[in-house]
Amino acid sequence: MDLSEPIHDFLLVFLGSGLILGGLGVVLLPNPIYSAFSLGLVLFCTSLFYILSNSYFVAAAQLLIYVGAINVLIIFAVMFMNGSEYYKDFHLWTVGDGITSMVCISLFISLITTISDTSWYGIIWTTRSNQIIEQDFISNSQQIGIHLSTDFFLPFELISIILLVALIGAIAVARQ
Amino acid sequence: MILKHVLVLSAYLFCIGIYGLITSRNMVRALMCLELILNAVNINFVTFSAFFDNPQLKGDIFSIFVVAIAAAEAAIGLAIVSSIYRNRKSTHINQSNLLNN
């Protein structure tokens, strides 16, 4: 979305803080129903984030599929298992958690150093130089549809077969 | 530059997803952390598509594929979890030894 610079930055900071708090809530909250709702917050903030980076079709697909289907399915599964067992052995900080947090923090620091060391401007200039300058008169979702029906036709069909097989398998496993 | 901030945010989501995936005792929470990891991948795809591949939009198409795979994975995973819960009356990861006997 082509907003002015301070509004864009403010929205980015707002969505980033929503993502950070939601991600911490998914991992650290003791009750799984609260962590499922904070997962919904994370998915919603991600969808608004896609709108900010001009990809409206992916934002709509994220809202419909993630928030509308997967998060509702997870909340249903959490409510389906009764929640009395979650409280009685809610563990405190153990040695394995410490080791895992050390590993994850070191991974995060190494990723940050890699991101800040890479020269992104050079990559942008090399990719912009050999692109054909074509003015896009057609919209974003039209272009995605054209790509899906020409270049990515075989993966599209394969992904639909995978979805069909996965849904039949899920029903066959869950009913018995 | 805004690209670095977005990549740092995506790296944060990835790391906290891995932390929750390793340390959680509950299977449904492990599935939620797996969704966090897939969301981090999706943010990277959409951001690189918006910055580097602007008229082509191939990253958006890959992120749609990732969303479809995540939907299939959530359906299969929750079906397996409900089946284990029906047999064992528990969803703890360290008690799922159904192949043991």
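Placed from the backbone N, Cα and C atoms, the Cβ positions cover glycine too.
Note that the structure is predicted; figures quoted are calculated from it, not measured.
Residues of the same chain lying 6 or more positions beyond the ends of the transmembrane segment (A:12-29) and with a Cβ under 8 Å from any Cβ of it are 35, 38-39, 41-42, 44-46, 48-49, 52. Annotation comment: TrEMBL describes A:12-29 (among others) as transmembrane segment.
Residues annotated as transmembrane segment in TrEMBL: A:36-53 (among others).
Per TrEMBL, the feature transmembrane segment maps to A:59-80 (among others). Proximity of distant same-chain residues to the transmembrane segment (A:59-80), defined by a Cβ-Cβ separation under 8 Å and at least 6 residues beyond the stretch ends, is recorded for 32-33, 36-37, 39-40, 43-44, 46-48, 50-51.
Residues annotated as transmembrane segment in TrEMBL: A:92-112 (among others).
Annotation comment: TrEMBL describes A:152-174 (among others) as transmembrane segment.
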